[in-house]
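Undergrad: Got a structure for you, written out below as structure tokens; questions coming shortly.
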Amino acid sequence: MTNETDDLSITSCERCPRLVAFGNILLDISVDLKDGKILEQFDLKPDDQREIPADKLAALVSVAVETCGNPIYNPGGSALNTCRILRALGEKNIIFCGAVGIDDNGQILQQILKDCSLNTCIQTLPDQMTGTCMCLISGDKRSLNANIGASLHFKKEFVSSRWCQSKIGICKSAAHTNIDEDVRIFYIEGYFVPEKFHICTFIYEQYCKGTANLFVTNLNASYILQQFTAEMRYLVEHADLVFGNLAEFVALAQIYQCGDVDELAQLLIKQYRKHKRSKILVATDGCRSVRLYHGAGSKFTAMNFPVPVLPTNVVVDTTGAGDSFVAGFLYKFMNDDSPTLADCIRYGFTIGRWSNDSLEDVCYVVAKYDYASQGAQELDLRKNERYLLLDDSKHWWRVQNTRNQSGYVPSNYVKKEKKSVSLFDSFKKKVKKGSGSKTLPNCSPSRQVDSPTMSRRLPPDPTEAIASTPIGSAIVKYNYQAQQQDELSLTKGTRILILEKSNDGWWRGQSGSATGWFPSNYTTEENEDDTLHTYAMAENVLDIVVALYSFNSNNDTELSFEKGDRLEILDRPAADPEWYKARNNNGQIGLVPRNYLQELSEYLAQPFRSNGSGPDSLDRRPNDAQSNNNNSTANNSNNNNSQQPERPHLTGKSWYYGAITRSQCDTVLNSHGHDGDYLIRDSETNMGDYSVSLKAPGRNKHFRVHVEGNMYCIGQRKFHTLDQLVDHYQRAPIYTNKQGEKLYLVRPLPKANGT
């Protein structure tokens, strides 16, 4: 396997598609039959597959949809399915080419593909119906009735036209040897070959022959090999990469008069001559294994990959090589710097488990920070890299990287990718005509839905509500009641902080301590000049803090808040250091107790926060902060310090400073310390706990160490001793900001007396 990476490396290009696919387009329409009358009327069987004339199919569709109602629309076609899955995986640089008719089904199909954000180069043909498959469902039986329609009449002249070539990144006037230098893969499905073989040869001769581009095909069906033998031999012999299932490769072996598939593979690879490339054949065998062959000339390698065992209730896609499997293989093929064939096969296994219905449920996360795994079950994170989310049911999420390695990561070190909503979702919903659907206020007429919830949203990141910085604010125009757990209810006239905007019209916002998604057209966004109360927009804001506990004001000068609220700190009065002047998201200003709050940067630095008490939370509420009298505050502070327990086991530790206040700590760090110097002190607010204070650029950092029994807990981590804690954070970052800058404990702050 040492040389196979040379065969798989692909150069990225931002201007041209990395993959250009050609195939038949079908609109799959499914309805549930109420009885057998439609089958009888059109002389159809309840469990059958057949191609029927276009006029008969059009009549069948009309009657079935009108009679049964609740049609479900899905785009169909082998290459198109593969492209859709690649797009769902995040591959934007692909384009699909095909033909549709100028009819309602064609408009529906093109709209679905547009809403899937899939780039297309579609020829629209008058007087031709769009390829359609009408699926009549009777219990567990399916009557499939299809006509590929316009796909049958896809024109070579269209492919060679200046418009099409500009879409797929071809310069028509370029010299043949340099033509299409940036486009790397041309993919043709086997179903495309009948009646359009001349287009297949044109694509190979013009865009692949004599270039570094790859010519890829999928056998798709044994009958195509048997009925179009010469045409399929041409594709197979010229292809750099061939997909198919075992039955199709057996049929191909018979055509070449080979005893078995191994002999066929050796023959095809022996004939292959392409500089610095190997021919690759991928033969799937259902849920049993995948047989892979690669090489060139006399160089030949065969490998077998058992398919991972699936639960008995999982349906495996076995049509052709499996459109999902092909998508997974090609995604790895195109996106890893040095992928191996084994990597591509294994990723094909992972994605091959997807079905059309589960496609919308697949989720990726992006790392917000670097993370170094601390155990065998954990996984390293690299900032801005994408990971497939496997399990988000706990605080630690299980993810998989592009090398097929999986493990657990802290959930607030990653964020889920926001998937845009599409008409595809609304088409898939079984919505009867006249069923009382409603339109959102001021919504585009084309976006009618049963409720503002237009897509199946995944559960939110547990820390997203805290971790996001507001980007604006909006005033609510209409009341809205949340329909799902991750949505935000709206009350007319209130102000919402905008945390994130999605291009589907849904925004994520915060109202008080609640966060969630809401329909943006229920609100009016405020310009920055219109409000003085948007977080981080006011010039006099000193800091943003998070409320660790709820607080009820006792007089007009104090400001009430709820646990989890974020407040703007406007002033830290020197005469009363235990009380801050703050402003809430409604613009109300008042005094708040300092020891009920934590700076947002420190809050986010800790790997986890629990909803109740835990390593990140104070075990006890701070000293009663009801009085704003300076003397009583000072007395409370002194009493707290005087009650701190003796710690003889820490005597002599160079980093231990005992019972000093945070203010004193900042003073000594700023006066005598350098960035990276640190100390450990007794906690002011939680007797028996500690704080780690670190000299840092701009603002010092303070981290709470909570004592649980004999363990010292900081965030999610637990240590047997403070020495172990210090040793760990001298090697691993104790804090990483959004720019990826890391802070470590470098050296204990030197004490003035030298002890």
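The backbone N, Cα and C atoms fix where each Cβ goes, glycine too.
Keep in mind that what you see is a predicted model, and the values were worked out from it rather than measured.
As listed in TrEMBL for this protein:
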- 360-419: domain 'SH3' (DOMAIN)
- 432-466: region 'Disordered' (REGION)
- 439-454: compositional bias 'Polar residues' (COMPBIAS)
- 469-528: domain 'SH3' (DOMAIN)
- 540-602: domain 'SH3' (DOMAIN)
- 607-651: region 'Disordered' (REGION)
- 627-642: compositional bias 'Low complexity' (COMPBIAS)
- 655-749: domain 'SH2' (DOMAIN)
Undergrad: Go through 360-419, 469-528, 540-602 and flag the stretch with the largest number of C-beta pairs under 8 Å relative to the domain 'SH2' (655-749).
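TA: Top-ranked stretch among 360-419, 469-528, 540-602: 360-419.
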Undergrad: Mean pLDDT across the domain 'SH2' (655-749), rounded to an integer, is what?
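TA: Over the domain 'SH2' (655-749), the predicted model scores a mean pLDDT of 85.
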Undergrad: Using DSSP, how many residues of the domain 'SH2' (655-749) fall into helix, strand and coil, respectively?
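TA: Summed by class, the stretch gives 21 helix, 35 strand, 39 coil.
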Undergrad: Please count the residues of the domain 'SH3' (360-419) that DSSP assigns to helix (H, G, I), strand (E, B) and coil.
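TA: Secondary-structure composition of the domain 'SH3' (360-419): 3 helix, 26 strand, 31 coil.
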Undergrad: Would you list the DSSP helix, strand and coil counts for the residues of the domain 'SH3' (540-602)?
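TA: Output for the domain 'SH3' (540-602) reads 6 helix, 27 strand, 30 coil.
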